[in-house]
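Participant: Right, I'll just put the structure down here and ask away after.
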Amino acid sequence: MRRTKGRTDSPDVQSLNINADYGEAASLTADDSTAHKSDKKHDPEAKKQVTITVQPGVKPKPTVKKRSTPSADLDIHKEIQKCREEGATRLDLSKAAVTVLPKELKELTSLRELYLYGNRIAVLPPEVGLLPNLETLALSENNLTTLPDNLVKLTKLKVLDLRHNKIKEIPDVIYKLTTLTTLYLRFNRISVVESGIGNLKLLERLSLRENKIKILPRVIGQLVHLVTLDISHNHIENLPAEIGNCVHMTSLDLQHNDIPSLPDSIGRLTAMTRLGLRYNQLSSLPDSLANCSGIDEFNIEGNNIAELPEKLLSSLKNLTSLTLSRNKFEVFPAGPPKQFCQVNTFIMEHNRMQKIPFGVFNKAKYLSKLNVKDNQLTSLPLDFGSWISLVELNVATNQISKLPEDIQWLVNLEVLILSNNLLKKLPRGIGALRKLRVLDIEENKLESIPTEIEYLRSLERLVLQSNCLGSLPRSIGYLSSVTYLSVGENELVSVPQEIGNMESLEQLYLNDNENLQSLPYELVLCGSLQIMSIENCPLSALPSQIVAGGPSLVIQYLRLQGPYNGMVDTGVPTSDV
């Protein structure tokens, strides 16, 4: 492969998520964005409560009045006085530049919810422990390192949010807050979770994400009411078998740890719908995982797995997204075609797979995105033309030397990535892909482009960099929607006049065509052109001082010397990349 020169990555391709790592699209995060609202009781004070309704999948707001920047103008004493006089049950002092809480806070005995997000509090005063009715205490984004012991008096506390603080050790008092249902400790500096965590038997949501924890204690199995557990982005070296006792678990996030294996007991978590296993040290998966049939997104990217349990995929009846990237698969996952009947996204890039079996996607009527980039494929299966639901196909960085003519049946394709293969030509049937927006064939061995390319009227990005092209078809002028055209590092001797019809063209890369002696006058008709690269092109038909002046001067010269010198200057490329 040749090193590509004279190009810059465009945000257009990145936004399509073709060359990006797909793992993040399926990453799991426990829903700990804000404190969980407490149960609403019917009492005369209910009219003084402000409740927050959180829709599934929508990031909840911690407070009703959101302050985008810290406000030193807020008079905390007046807020507390007002709260006391009204007998309010909720106080929001979030993002108010608070450093010290006043002692009169203890007088707010009716308070049920206290929000102190985004302040500068380093020490929580013991007065907070004197709020007997407090159910929600939100302290995210402060400078706390510990908590006062008398918080143990908060016998009604259900939600404790300590995200984004400076806690190195979980304060002992937390292990005594036995009424907690929600505990968020993510983004701290915690290295140890003591066995006292087992005391919090009512916990439903626990987040320890982004800490420095190595060992998850076995008593985690005593938290039988857990619904979501997020211990991702730590240094966890084991998952205790007792995790199987948490039978109400629906979301378990273990990604970015050092876990070498999963216990068989994980198969008891039959309510689970989300399981995050990305970037661990897993070399295999237990057969019992097939019992977790409700999982809809299965992502094991970045492990050492070479094969899946035989019946696993067939058992995941709700599976819509499957990511097996960056493992050690040498063969396609075994199993009948029905295992993909609900799958819409299948990503298996960066493995060692040599073949996609015939008929494997016969039942995959919803499959819209297939990424098998960076494997060892030499061809595509004979039934390739039956993958008619595909919208995005990425087979880059393989050893494919020929595309099947049946590609004409993939009429829903919008993105086709074929870069870094061994293709010498494209089938004429490619002209049938009328919805295609991105066609990337960089670093192949193409000697020509079929004239049928003219039918790709929806095409916006065409990448032909680093091939063996001696010319471009005149029909390229029909591609009036193309904004990005890269034909650098080829063997072009000319550019067709019809390029002037590409009215949407914004970026044109002609760099490193060592036989390119001239440019057509029609380039001046590309009124949207902003960037043109002509680096390392001789362009001997033009005056050397003009070429040395760069693309802007070249365009001006073509305009003045050609038949279009009476036209209004609608745009001149300003840079040579």
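The backbone N, Cα and C atoms fix where each Cβ goes, glycine too.
So Swiss-Prot lists these for the protein:
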- 1-10: compositional bias 'Basic and acidic residues' (COMPBIAS)
- 33-48: compositional bias 'Basic and acidic residues' (COMPBIAS)
- 156-177: repeat 'LRR 4' (REPEAT)
- 481-502: repeat 'LRR 18' (REPEAT)
- 528-549: repeat 'LRR 20' (REPEAT)
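Give me the structural setting of these features: burial, nearby parts and distances.
Facilitator: When pLDDT is averaged over the repeat 'LRR 4' (156-177), the result is 99.
In terms of DSSP helix, strand and coil, the repeat 'LRR 18' (481-502) has 5 helix, 3 strand, 14 coil.
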Participant: For the repeat 'LRR 20' (528-549), how many residues does DSSP put in helix, in strand and in coil?
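Facilitator: So the counts come to 5 helix, 3 strand, 14 coil.
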Participant: Using a Cβ cut-off of under 8 Å, list the residues of the same chain at least 6 residues beyond the repeat 'LRR 18' (481-502) that approach it.
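Facilitator: Result: 2, 4-7, 10, 12, 442, 457-475, 508-526, 528, 533.
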